[in-house]
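Engineer: Sending over a structure as structure tokens; questions will come in a sec.
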Ligand SMILES: O=C[C@H](O)[C@H](O)[C@H](O)COP(=O)(O)O
């Protein structure tokens, strides 16, 4: 079974958590793209979606799913999104596709975070995947120096501008033993918009595509 087939299986499995007539929170990435394909098959039964990126918005609209502005929505029962790494406590690293800030905002509104991954994303300790940090462009060098003080090796993701007009620093060589503490510390650096640790708001349900089928963790 290929990695993409495992992503697809996880994406389609998330459909069971979508409530009838609801507005669905939709994340970003290659795994979520499979979920969007699945969602399109039940589009007559849902009201629409709130999206976490321009890329997902375009795909949702192309498949005929109405996309709402988050400011016009006061409740989302579920948010479905992928992850770059997830540990046994359901803490995640996200932002490999630079969509972390909008993802964190939509996730904050949702009652339940349904994380969909293939089995390569499961880790014991977060940090092998470089931690993305979205930064206001003029603060890039200052924030990088502060991240070095926290023990990381930040690298500017050249050529990438986020949907919010900011830049990304990918922080290498962090062994993240206390994800909630580090999430707060990095967010407290002036010039940081947000970082890709989703620990204070982790996943509620994890669907993992494996060669033996989709495994569910709660
Ligand atoms: O910014 C991107 C997101 O956080 C994605 O959810 C994450 O990178 C996982 O993406 P994929 O499903 O393509 O591996």
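In case you wondered, yes, glycine gets a Cβ from its N, Cα and C as well.
Straight out of TrEMBL:
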BINDING   28, 29, 30, 31, 81, 82, 83, 84, 94, 95, 96, 97, 121  substrate binding site
ACT_SITE  103  active site, proton acceptor
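For each feature listed, report its degree of burial, its nearest neighbours and the pertinent distances within the displayed model.
Structural biologist: The local packing around residue 121 (substrate binding site), expressed as other Cβ atoms within 10 Å of its Cβ over all shown chains, amounts to 24.
In sequence order, 27, 28, 52, 53, 81, 94, 95, 198 make up the list of same-chain residues 6 or more apart from residue 103 (active site, proton acceptor) whose Cβ falls under 8 Å from its Cβ.
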Engineer: Name the secondary structure element type, per DSSP in three states, that contains residue 81 (substrate binding site).
Structural biologist: strand
Engineer: Among the binding-site residues 30, 81, 94, 121, which have a Cβ atom lying under 6 Å from any atom of ligand 1?
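Structural biologist: Near the molecule: 30, 81, 94.
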Engineer: Report the largest Cα to Cα distance, in Å and rounded to a whole number, among the residues 28, 29, 30, 31, 81, 82, 83, 84, 94, 95, 96, 97, 121 that the record lists as binding substrate.
Structural biologist: 15
Engineer: Around residue 30 (substrate binding site), which residues of its chain at least 6 apart sit with Cβ under 8 Å of its Cβ?
Structural biologist: 4, 7, 82
Engineer: Would you mind checking how many other C-beta atoms are within 10 angstroms of the C-beta on residue 94 (substrate binding site)?
Structural biologist: 28
Engineer: List the residues of the same chain that sit at least 6 positions away from residue 83 (substrate binding site) in sequence and have their Cβ under 8 Å from its Cβ, in sequence order, or write 'none'.
Structural biologist: 92, 93, 94, 115, 117, 121, 198, 203
